[in-house]
Amino acid sequence: MPSSRRAIMKHILSGLCNKMNRTKVVPTDVMETPLNRCLTTFDIALLGIGHMVGAGIYVLTGTVAKEMAGPGIILSFVLAGFISMLAALCYAEFGTRVPKAGSAYVYTYISMGEFWAFVIGWNILLEHMLGAASVARAWSGYVNSMLGGWIGNTTLELTGGIHEPGLAQYPDVLAFLVCIVYAAALASGVKATAVINSLLTLVNIAVMVLVISVGFWYADTKNWSEAEGGFLPYGVGGVIAGAATCFYAFVGFDSIATSGEEAKSPATSIPIATIISLCVVTVGYILVSAALTLMIPISDINPAASLPEAFGQLNLSWAKYIISIGALCGMTTTLLGSLFALPRCMYAMASDGLLFSCFGKVNAKTQVPLLNLAVSGVLSATLALVFDLAKLVEFMSIGTLLAYTIVSASVIILRYRPMSRLHNPIRAPDTPGSPDDVSDEDSMSQSSLDTASSPTNFLIEEGLAGRLKTKFRYLEPLLGRFEPGSVVSVAVMLYIGLCFAICVELKVSWTELYSGTWWALLIYGFIIFAACLCVAVMAVHNQNTRGLIFKVPLVPFVPALGIFCNILLMVHLDAVTWVRFFVWVCIGLVVYFLYGIRHSNEGETCSSYSILMTSSEAGKLPWGSVKGFASGKMGRHTAIERFTGRTKTEDKRTIAEESDNDAAGYS
């Protein structure tokens, strides 16, 4: 009897682990969606630009220049833009692989499994909620400063102040109403939203061009002289601290990937729009910050409204009002971007069964998830009503950086995973105007030609994906005993852990490292060597790039660098932010284990009878396993073998044997 109980418990735990690690099966027709595919590349690029260019340029620029980096804010934006580009390239590749709403959540579901996908999706929901609330708060604060503080003073007289740490000084009713009004505007449909966003973004870009032109016309290089503190008054440390803050200004390009299910040609539009929007925004930030620090000394910058006040000091009152209009337009597009992405992430998770099914419904007339939009607007408005802007921004950063880290890791994992391990091969969808968009007759002839000539090429690429490269076959006894792709997956996980160790060591033992203490140098050197070894292990394997229109260059080095940079910024966040993050994750885990894991679309139905297995049946494979049917026999694998992907000797076959068997299947 005890053995039966142990067998039942073993299978229950095995089934739980299998459920948490199951990956999303991508449908054959990834272009099919209840949403409206009407967005062009231009629309999506302006959506990304509008989501990024808002509070960052009109509020953040003055704060970083005055209090953190001085004129060195230019280098801060260069560094923050570089780190963002590393993540953006990974988002662009995934956008061509899977043109579905949900962004990082969907990508993680396909590559790393359901549990991590839910964690990322849950944090993306928080990211967009906090993003909308923070921009609404900045929008309200900007209007308040234009009116000389009249809104804030009147609210304090009517309601009194809030004297709780972390909360705002007073309830911001205007920020609450702004969220509600813009959420209602988004309900009109995605095309109307795109038109509004495009117009406001073009106005914002025109204002930026005006600021840059007039700013350089009135530039005075003496403001960068030693008399004013020089170009780096706060040193290199100020530049790095400023980059961590400036990173907030680039949050928003992931909304481009979120719009993949509403793009006409996602395979080409997503990567083009991502790269163009990030390049335009980075150049704009650099030029605006240079113009600001050249116009007036950093000591005269007003952090609350830096650009209007700078032009006001130059007696250019007409420019002051134009900039104020551009600032409101820019923050409006950022708010629209957050409220646009949030309902679609909820829709993606609900469509997969991980969130309540009511959030997976789309209005037939507007083709917009209206319930999601209403809930998003109310929650964001409530946060904007009572929370302080600085706390909202700080809390938002950790979820964003975590999502960027997981997406970068997912790119590496999928690059080295054979197509046979993806239930349906993930290939870039055919798009109008692409070389694949040919007539039926041409398709049939091309298909027959491919059938005659492609099996060999396909089998070679399929057989080599995730395996050691030819020139590294001497590592076969060490790394060749595992399933293709599994070694790379383990190396990625180890690399992420080692990056955390490196960054924590830098933060905690910087004094010992700088002074050359032997034990600190020894530990640090060992960790760096182990991390580099993990990257080298990834690089010695063959990649799977079949069907990709856009590819991240220099994989695994570019995504690995992005992982390290994101973790470096995460480690330097406040400890209280980490506590709040874990509290939010714990709330999400309650939702997942009580609802999501039971209602997931990837789950397999099993009766209660199958749970009460006899002791003789307990020796069979775990529920849901597809291994062991080769040659009509049921193979048995231990838990360690299933985790590492290692197979027994009788289950192993050479590439030549696999190719022969697969070729026979083709014939």
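Cβ atoms here come from the backbone N, Cα and C positions, even for glycine.
Residues or ranges marked as compositional bias 'Polar residues' by TrEMBL: 444-453.
Positions annotated as compositional bias 'Basic and acidic residues' by TrEMBL: 646-656.
Mean pLDDT of the predicted structure over the domain 'Cationic amino acid transporter C-terminal' (550-600): 89. According to TrEMBL, the feature domain 'Cationic amino acid transporter C-terminal' maps to 550-600.
Per TrEMBL, region 'Disordered' is recorded for 425-453 (among others).
Residues or ranges marked as region 'Disordered' by TrEMBL: 646-667 (among others).
For the transmembrane segment (41-61), the list of distant contacts is 73, 134-135, 138-139, 141-142, 194, 197-198, 200-202, 204-205, 208, 245-246, 248-253, 255-256, 259, 263, 265, 268-270, 272-274, 276-278, 280-281, 284-285, 288-289, 292, 303-307, 323, 326-327, 330-338, 340-341: same-chain residues at least six beyond its ends, Cβ to Cβ under 8 Å. Feature annotation from TrEMBL assigns transmembrane segment to 41-61 (among others).
Annotated transmembrane segment per TrEMBL: 73-92 (among others), in sequence order.
Residues annotated as transmembrane segment in TrEMBL: 104-125 (among others).
What TrEMBL records for 199-219 (among others) is transmembrane segment. Counting residues 6+ beyond its ends, the transmembrane segment (199-219) has Cβ neighbours under 8 Å at 46, 49-50, 53, 57, 280, 284, 287-288, 290-292, 294-295, 307, 310-311, 314, 316, 319, 322-323, 325-327, 329-330, 332-333, 336 in the same chain.
Here TrEMBL flags 231-251 (among others) as transmembrane segment. If one looks beyond the transmembrane segment (231-251) by at least 6 residues along the same chain, the residues whose Cβ comes under 8 Å of a Cβ in the stretch are 52, 56-57, 60, 63-64, 68-73, 75-77, 79-81, 83-84, 127, 131, 224, 278, 281-282, 285, 298, 393, 396-397, 400-401, 569, 572.
Sequence-distant contacts of the transmembrane segment (272-298), counting only residues of its own chain at least 6 positions beyond either end whose CB sits under 8 Å from a CB of the stretch, comprise 41, 44-49, 52-53, 56-57, 61-62, 65-66, 70-71, 73-74, 77-78, 81, 84-85, 88-89, 91-92, 95, 205, 208, 211-212, 214-216, 218-221, 223-224, 228-229, 233, 246, 249-250, 253, 256-257, 306-307, 310-311, 313-314. Residues annotated as transmembrane segment in TrEMBL: 272-298 (among others).
Tertiary proximity for the transmembrane segment (318-342) is limited to same-chain residues at least six positions away from its ends with a CB under 8 Å from its CB atoms, namely 47-58, 103, 125, 128-129, 131-132, 135-136, 138-139, 142-143, 146, 178-179, 182-183, 185-186, 190, 193, 196-197, 200-201, 203-204, 206-208, 210-211, 214, 252, 254-255, 258-259, 305, 307-309, 311-312, 372-373, 376-377, 380. Taken from TrEMBL, the feature transmembrane segment applies to 318-342 (among others).
According to TrEMBL, the feature transmembrane segment maps to 370-389 (among others). Sequence-distant contacts of the transmembrane segment (370-389), counting only residues of its own chain at least 6 positions beyond either end whose CB sits under 8 Å from a CB of the stretch, comprise 128-130, 132-134, 136-138, 140-141, 162, 166-169, 171-173, 175-180, 182-184, 186-187, 338-339, 342-344, 346-347, 350, 358-359, 361, 363.
The transmembrane segment feature in TrEMBL is assigned to 395-414 (among others).
Annotation comment: TrEMBL describes 487-510 (among others) as transmembrane segment. Within its own chain, the transmembrane segment (487-510) is flanked in space by residues 405, 409, 412-413, 416-417, 466, 479, 517, 520, 523-524, 527-528, 530-531, 534-535, 537-538, 541, 560, 563-564, 567-568, 570-572, 644-645, which lie at least six positions past its ends and keep a Cβ under 8 Å from the stretch.
Marked as transmembrane segment by TrEMBL: 552-571 (among others).
Proximity of distant same-chain residues to the transmembrane segment (552-571), defined by a Cβ-Cβ separation under 8 Å and at least 6 residues beyond the stretch ends, is recorded for 83, 86-87, 89-90, 92-93, 244, 247, 397-398, 401-402, 404-405, 408-409, 411-412, 415, 495-496, 499-500, 502-504, 506-507, 535, 538-539, 543.
Each of 73-92, 395-414, 577-595 was scored by its Cβ pairs under 8 Å to the transmembrane segment (104-125), and the highest score goes to 395-414.
Secondary structure counts, DSSP: the domain 'Cationic amino acid transporter C-terminal' (550-600) has 40 helix, 0 strand, 11 coil. Residues 115, 118-119, 122-123, 126, 354-356, 394-395, 397-399 of the same chain, all 6+ positions outside the transmembrane segment (577-595), place their C-beta atoms under 8 angstroms from a C-beta of that stretch.
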